[in-house]
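Per TrEMBL, the features are:
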| type | residues | note |
| --- | --- | --- |
| BINDING | A:166, A:205 | FAD binding site |
| DOMAIN | A:309-468 | domain 'Acyl-CoA oxidase C-alpha1' |
| ACT_SITE | A:453 | active site, proton acceptor |
| DOMAIN | A:513-681 | domain 'Acyl-CoA oxidase C-terminal' |
């Protein structure tokens, strides 16, 4: 159906509503009044951090802007959606005033822009994550002076870039990519080929239709010697005609679980030629007389450096996960204040948000949302702190630590995000099955975060590996001077549980919670090391032993590490808020307690196996329910303070005016062909005729 | 895009493939060869139970039938999908030879039909659950002789029915529905009205476009006295013109999270009139002189009886959850045998299904799938057993027990199903984000099971309530003669943990597992009762105390009850298979162990708090990993035995021929406009021009 027809259909149905008159629903406002005062502006500013300005630019620009209205896009075809996203991008991009020069002095400007447009939807930031982060960062990190102009052009959308790493047959295992780039010494060119049917570059964002440039990961072959994966900056479409260049087949991968507005595609190379300068040659080059040279001798370490372009992209995933949690919780919490069901007497039904069970279903996710956001703020801050060090020495310990934390946070945020999304959807009951609730759209987009930019189940191993390797160093007597690992004890003796608390009040104490978290991570570390040792004796080799220690071991260790870091960061955040306002601070402190005690509860087995008493375990559970009650009273105001604007949220259930029922009716009535007779009625009649003979 | 154009586009792209030549991939066949012999036919027959014949009819009919090919439907518009589903229904329905007469002697014939068409997709069974189960069962259970002809007509699709219970403002709380049916003694008619804007019948399947009849739940008002919710059988569209009848506004609710082929709609009544006989009057009637009469005096009990039409529909949800688990596991397991990543040397990568972590991610879901299926088989068997008793006495204990088990199983199956779907999707990595994997389509359909036919979080309470009420009876000294409650001890003393096992071998023992499960459910029961007592002292009233005992209490109790029942049924199933073949039986026994020990592991806190030692807890974890390894070797053959046919599975990744990569490439190349230039290229150029000025 064409957009034009659809608009007419909407218009005509609006003019002739057949529905009952609307009654104003004050439920949401009533709930708002129950909360204590909250300094919303201060909370938002600190919650957004350096992204605050960019978010304000985006919100101002998008408010009542018909180009940014998610609920209007619900019936778009794939082609319409793609056009729309490019329109949106062109419309808003230059407002952020990004440039090569500004980037050098404000290294978070690009990430902040993504955070700003990411409130809307993942499609827009996806286009930008690929182009602005993966593509530009690969050029900046791996290229030399001659490549700078390409970065400049990309900053101004003069080129549109893409990131050709993944192939049909290889994702996580980048070292085994099959695309080849063979150096031709006669012409000083590279010849690119996709030698097998699994080697097509696959699901590459924007390569299907939009991009004219790409950074391509390929096995470099010089004089028949395989030199491992290197990165090349190559044009893929003619700048003027936009036709694929000779030697390239570029196509569309088709329908995805979500993000239909982004053209993920494939690229198949057949003797595609590009001149020598396309090699991003900061860490590896070929001399004019054809000799391969690299400052990094170790192939694995060289590959790790080649992947540096992923760092900011991966952090942006953490940011986006939080945004989805925020959007979904905005919808679910507001609807829970509006939706009433059951009650003591007819006509006085109780809001879902007044039920303990509903509070327990939603509020721990609100706490996790804060944890993810403060974790993201740390990633930004730490990135700026270590940036110049990393540029000097890409093998430095600071980068290894950053990578471990980033890996744990990316994985955890994606899992937290998906669980939150799903719980929000379920908590909205049947109304959550309407697409106009926004919850399924969000789920289908958010889903990608679990497997892209590093599969979460692989990344979490890398966090675990960092801890285990550091522990091994300590056991050899070496010093491990890493802030985030200060919990490491340096011996493998069993970890003793000796945390003392009885009441919920005693549990809600920074010192006690710190002890609990330290016990938690050390207990899992101990279990993992014991298991690794056990496996080492009967496994084929250490790789096998390692693989056999994933479940109930390394995976749990990586998770615990992420939770440990987020707890630390959330507490810092609480203190900033408390220093400004004790009333607002107290509300955020409860969220902190709910997060940490939630971590303890979800992993209670670890504690009880370690020696926590059943009475303490009961206190943990009681404390959570009590905190859920406290946070519930403030939750609408808290989410109001952080929620995106209404046309960006795009939900009939979550609109800030609280008129969920009215909006649901209106949106349904605006459905194309809402009152039309079924065009397939003749089919129904045909079946009837068969049936009549059988009566 | 019209279906016709799409077909042409597919055809032309197939004829001019630009992709590399295809290489046969033997990975899946190689994995198949690793398993022991398996009596696939015997396993399938017993797994399907009475549905076996119907499933075979459906599989035969659908094999290579172009009308049943899910992968062909991926680009259908909403209107096209709806037409397709009606086409499919008319095409296959009469093959099953259902009739009023046959139904009387084969009470599972309808459910078996749903099971058969449900292998394909949820859209088809959704159409039939509503029409064949909810609509017909309401007529049969609540109507009298004069209504029989309507059931007859429905069996032959001469009428197409719907089920108007839910309203915009009320779902779970059926007692508070707002639609009124006022008795007009002058004309002996009922006058139907939707008195408020939240009272529109909402998201009613097939009412949007297709149905000509409905059973409508409305508050009966006789002489200004409210008599509570009653059920009425009314026409909604003119039989010949298909136009809505006077006094009715019928519309389409629009886009949903999935199931777009089903027209869920709304109905708004404005002085709609229907004659007296539309009241389904088995349990309540109005005498010719206008007096209301009912054999069931208690309003709540009367409502419970009115809802009896839901029993079979709810059981069908359990069936469908299992089918989704089966379809998704077919995709995920086969792909895991094909997909290789990392390895000791280049060119010898390891299949995902050979990684312990991957086994741990997928195989416990395979075990749960068996548990859900055997739980469903029990529901069928028990339904037949108690049917005539229930018809005699709708308030009998047998029905209460059936309802409690059904509630627990429906809730658990929906949660198990969604978790399984999501894990399958994630386990397929980036490939799982392609819509052609089938995994997101399945997730978006399956999602509805959690909140329809009774919201799972509400249903699980009803299971918990049944146990608690029975326990209260026992404590008063009354006998509780209920087979499924034989674990009840009758006192509230703390439950002592005294299960003895050390090794995994000792744990994998029916007696030990039985003791563990008994401890488990009693420990949760004890915790729940203590908490309820505690809450009773400081809650407003018992309803409030009850609501405050949901989290960590009643909800867990309901779940444990469902797991207890499914364990019992799965064991029965194992024994049937073992009696026939020891080799096949041993494989299914491992699945049983994996299920039960999985329940123990997921709830380890309960055990450890009760006294299980850390050493035993470690044995539990070790046993699971060991069982995952054993089951993994057989898993492809087991899933092959049960999997639906390929065009019904509709997945590029899960096809039985194992050519996942080839099929992925081919499906992508068949995407409409796969190689066309972006129609929005002018927009890209426009942005470039702006950017150039900023360079």
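Using the three backbone atoms N, Cα and C, a Cβ is placed for every residue, glycine included.
If you measure from the Cα atom of residue A:453 (active site, proton acceptor) to that of residue A:205 (FAD binding site), you get 12 Å. Proximity to chain B, defined as a C-beta distance under 8 Å, is registered for the following recorded positions out of A:166, A:205, A:453: A:166.
Non-local neighbourhood of residue A:205 (FAD binding site): A:126, A:127, A:130, A:162, A:163, A:262, A:263, A:264, each in the same chain, at least six residues away, with C-beta under 8 Å from its C-beta. With a cut-off of 8 Å between CB atoms and residues at least 6 apart in sequence, the same chain places A:201, A:202, A:203, A:204 near residue A:166 (FAD binding site), listed in sequence order. Within 10 Å of the C-beta of the residue listed as 'active site, proton acceptor' we count 22 further C-beta atoms, all protein chains included. DSSP gives residue A:205 (FAD binding site) a strand state. For the domain 'Acyl-CoA oxidase C-terminal' (A:513-681), the mean pLDDT of the prediction comes to 96. Look at residue A:166 (FAD binding site): DSSP puts it in coil.
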